[in-house]
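Participant: Submitted below is the structure of interest, expressed as structure tokens.
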Amino acid sequence: MRHKNYYRSIGIDRHSPSMPFGPLGTQQPTSLILLVIEISVMIIEMSPKLLQMNEQDQTMKTIARLKIEWLDDYLGWDEPDYGNITSVMYKQSAIWLPDIVVGNTVTTQTQLGYQDLQVVHIDSYGWIVWQPTGVFLTSCDIDVTYYPFDTQVCSIVFTSALSTSSELAISIYNETPIDMKTFSPDGIWDVLNWSASNHDEEDGKAKISYSLQLKRRPEFYILNIILPVFFLAMTSPLVFALPAQSGEKMSLSITVLLAFAVYLTLVTDSMPKTSVQVSMLMVYVVQLMALTAFSVILSVPLMRLHHRPSNKPLGRRASNAIIFFRKLMCLADDERRLVNVKPSADNDNTVSIIGENKKQQVKANAVVPYDNDEKADDPCSDCACPPRSPEVSHISGELAAETLNTFLFYLFFLYSIVITIALGIILITGGARQEESTRLS
């Protein structure tokens, strides 16, 4: 039997005269009780609902059955003297039990097991097997930097409540410290690895810990958070593509802004309230929300520019900037819509409008119709040529607003694509590095 071999491994001879086994109550107490918490000590033979993680509170709930074994000289007997009885079952309240508690629990420390259940098995050698079942709520430091591709390591620590290491020794049964045969997989977390270890004595007490490496299953979060946020990011630049005549630019921008606020709340609700680590996904959503808020701010002056009176032309520098943006976006074909304004020498109240194939003397505040089909007499009336002084390029506010809207649409769209790709690379590669760095030996 395993415990008989264990006696020999720790230097105990069952038939040695120094081990006075006899009828119950006649044995002498030993100076040291050696406690062996076997591989099933915490996770072995656990119930189907083994694991629940609470990211907000940074806790882990584990439902498990422990298997604790030790030798008690007082409870051994000679089988022939007691009708060849080899073993008995007792309630745990009827015998001495080690004062083992969960060291990193976030609730009140209580005795393991159940008082009224016969969960203690005693054989004639005095070898006791105690298998209490419990629900353990323990603390767990959660790093959500690469959420939802993160990997966590959570531990359950067992130690003695009052007994010192000279009175109570705790060790791990090294063959199978954690038995995962009855473990039921969780829908959110996948157990990648596990380990058990003895800790150095702290405060004169023995301590052991059982650790689990848990990797989050990202599929749910990809479908319900990441993809919707990405689709919203693609709608943010559409504010600048929507014609000003529709009257819905501001409504669309504010609606997208509110949608980002909602998803930021959803992401925040699933994160621990800590400043130690910051989720890259939250940073991404905040950036998109700021981008959308910036689009709302820009939409106001663009709308004012679109409705700028036609008798108030833009200045030289503003006109040159608009021409530069149009060339940058390959809109040179539409530059025929531009005309040049030249002050008239004959009358200060009139300007010479050099159209294409015609000159007119009109009042400076007059609105002049323009025919796109006409061809220019002046070879430098085309915007491809720099205007000659004292002529200045005249660009209407509507054309300037249209140019800026197009430029901002491309700028916001490219920025959304770039930060989305960067987020995906950071989360995937960072999650892989985190998994490797937290791997249990």
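Cβ atoms here come from the backbone N, Cα and C positions, even for glycine.
Pulled the feature table from TrEMBL, pasting it below:
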| type | residues | note |
| --- | --- | --- |
| DOMAIN | 49-218 | domain 'Neurotransmitter-gated ion-channel ligand-binding' |
| DOMAIN | 225-383 | domain 'Neurotransmitter-gated ion-channel transmembrane' |
| TRANSMEM | 220-244 | transmembrane segment |
| TRANSMEM | 250-269 | transmembrane segment |
| TRANSMEM | 281-303 | transmembrane segment |
| TRANSMEM | 407-429 | transmembrane segment |
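For each listed feature, how buried is it and what is near it?
Facilitator: The domain 'Neurotransmitter-gated ion-channel ligand-binding' (49-218) scores a mean pLDDT of 84 in the predicted structure.
Tertiary proximity for the transmembrane segment (220-244) is limited to same-chain residues at least six positions away from its ends with a CB under 8 Å from its CB atoms, namely 147-148, 188, 252-253, 256, 259-260, 263, 266-267, 281, 284-285, 288, 291-292, 295-296, 298-299, 302-303, 306-307, 401, 405-406, 408-410, 412-413, 416, 420.
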Participant: Any residues 6+ beyond the ends of the transmembrane segment (281-303) with a Cβ under 8 Å from its own?
Facilitator: 147-148, 225-226, 229, 232-233, 236-237, 239-240, 244, 249-250, 253-254, 256-257, 260-261, 263-264, 267-268, 271, 401, 404-405, 408, 412, 415-416, 419-420, 423, 427
